[in-house]
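Annotated in Swiss-Prot:
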type: DOMAIN; residues: 4-54; note: domain 'Kazal-like'
type: DISULFID; residues: 6-36; note: disulfide bond
type: DISULFID; residues: 14-33; note: disulfide bond
type: DISULFID; residues: 22-54; note: disulfide bond
type: CARBOHYD; residues: 43; note: N-linked glycosylation site
């Protein structure tokens, strides 16, 4: 199982780094920060599907 530690999130500002992750909502997030903010916003219903684009 692939996991990402989102314990330091949410953050008000994310960098523009491009290291894509694919969420369980089948959406590609540009980096860990954007993904983790979405996880927090979804109350943990979004999980990591895999690294890279969906």
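Heads up, the Cβ atoms here are built off N, Cα and C, so glycines get one too.
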Does DSSP give residue 54 (disulfide bond) helix, strand or coil? coil
Among 14, 22, 33, 36, 54, the most crowded of the disulfide-bonded residues [Cβ within 10 Å]: 36
The recorded positions listed are 14, 33, 43; by CA-CA distance, the one closest to residue 54 (disulfide bond) is 33
For the C-alpha pair, I'd like the distance in angstrom between residue 33 (disulfide bond) and residue 22 (disulfide bond), rounded off. 13
Whole-number Å distance separating the Cα atoms of residue 36 (disulfide bond) and residue 14 (disulfide bond) is 10
Which chain-mates of residue 6 (disulfide bond) that are at least 6 residues away have a CB under 8 A from its CB, listed by sequence? 35, 36, 39, 40
In whole Å, how far does the CA atom of residue 22 (disulfide bond) lie from that of residue 14 (disulfide bond)? 17
